[in-house]
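Student: This structure is in structure tokens; I'll ask about it shortly.
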Amino acid sequence: LSAPGGVSLVVPQPNINATVAQNILLSVEYSCRGVATIEWKHVSSWGTTKIVEWKSGNYVNISTVYKDRVNTFENGSIQLLNVGMRDAGYYFITVTEEYGTSTYGTIIVNVYEIIYEDLHFVAVLFAFLAAVSAILICFMWLCNKSLHLFQKTTTHKLTASTTEEIELETIEC
């Protein structure tokens, strides 16, 4: 038996930009004459994680970390569901032919947080602070009005009592 001419692998999109909670497709296309084993790994600042390994037309072994988050395709591609910030990093695919020939591919995934949520938070915070300041301004206005009313009533009482004293003094004389 002569070994076939090896494995070829094409990575059409080596860079993927995604936002949090999005589903992404790590698309590849491989070809070989024999049965191939496909393995995907994720490498990031948190370490290296084996995502999935399968033989074409045979078993699929998905790691527990990625259970219910990965779909595999016969062409070697995988789909990651509901990506998070920790999914950013390098994705390495290794396609190994049954005769031992291997080829490798890399896809870089960048994951971004959704910016409008941050703006929404700022807008809500601004509205809250505006409402609190409006309430404080109204409270200060009411306090000021009641203080003026209190001062006027005490002034009238004082003037009334002083005029009575003056009248009493004039009567005594």
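Including glycine, each Cβ sits where the backbone N, Cα and C put it.
Please treat TrEMBL annotations as automatic predictions, because they have not gone through curation.
Feature table excerpt (TrEMBL):
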| type | residues | note |
| --- | --- | --- |
| DOMAIN | 13-112 | domain 'Immunoglobulin' |
| TRANSMEM | 119-142 | transmembrane segment |
Student: How many helix, strand and coil residues does the domain 'Immunoglobulin' (13-112) contain under DSSP?
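Tutor: DSSP classes over the domain 'Immunoglobulin' (13-112) add up to 6 helix, 59 strand, 35 coil.
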Student: Average pLDDT across the domain 'Immunoglobulin' (13-112)?
Tutor: 94
